[in-house]
Amino acid sequence: MSNPLDRLERKLGYTFKDQDLMVLALTHRSYAGRNNERLEFLGDAILNFVIGEALFHHFPQAREGQLSRLRARLVKGETLALLARGFEVGDYLRLGSGELKSGGFRRESILADAMEALIGAIYLDTGMDSARERIIAWLGPQLRELTPVDTNKDPKTRLQEFLQSRGCDLPRYEVVDIQGEPHCRTFFVDCEVALLSDKTHGHGGSRRIAEQVAAAAALVALGVENGHD
């Protein structure tokens, strides 16, 4: 009798020596018993390292901030969820009854987390070389399509993509003050980011400009950019 997981292994292009690791990687926290959160943590670190290393060699002239933004595009949840859907990972997830009924097997965050957990499982199964080979095989097409020009996005977009790549809530912007005459106003905006304990601030001649300045400050505070890219 064939093992249903063999089909997923063929799609992933990897055969587990210890298939229990694969099962654990596909087990959501809503399912009774052990779950994939620790493997997800490990896989996230490996994914960021491997993609960072690949970008470092692929774009020798790119600056640190550009490399960070390119990496954020490749490792964001949307990208990983697309991979998972291509492999039909959702069909193999072990979910609690509530998540199953609510369509958790289609949810972007759950699919992205499962892909990271599978990366962690591959690493534990046969080591870094295997994990690197699979990551590059899966994300190679997207990697080859990137150019440093892709980083020429405004700070709000870059901040949003970075937070999405970490599975975080989107930033919240609030106008806290408006000064000056109607024809020459200055807007003061706060930006609240889940990963930062303090809000960042920006001001400018329009709400849009003030939000961009606050977003740029958040990127610096997060260590994603150094303020000179």
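The first residue you see is number 1, and the count goes up from there.
Note that Cβ sites are derived from N, Cα and C of the backbone, with glycine treated the same way.
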Practice item. Name the residue, out of Glu40, Glu53, Glu174, Glu181, that Swiss-Prot lists for the same Mg(2+) site as Asp113, Glu116, please. Key: Glu40
Exercise for review: Using a 10 Å cut-off, grab the number of neighbouring Cβ atoms around the Cβ of Asp113 (Mg(2+) binding site), all chains included.
Suggested key: 28
Practice item. Pick the one among the recorded positions Glu40, Glu116 whose Cβ has the fewest other Cβ atoms within 10 Å in this structure. Key: Glu40
Exercise for review: Around the recorded Mg(2+) site, report the further residues of that chain (criterion: Cβ within 8 Å of the mean position of the Cβ atoms of Glu40, Asp113, Glu116; site residues excluded), sequence-ordered.
Suggested key: Asn36, Glu37, Leu39, Phe41, Gly43, Asp44, Ala112, Ala114, Met115, Ala117, Gly120
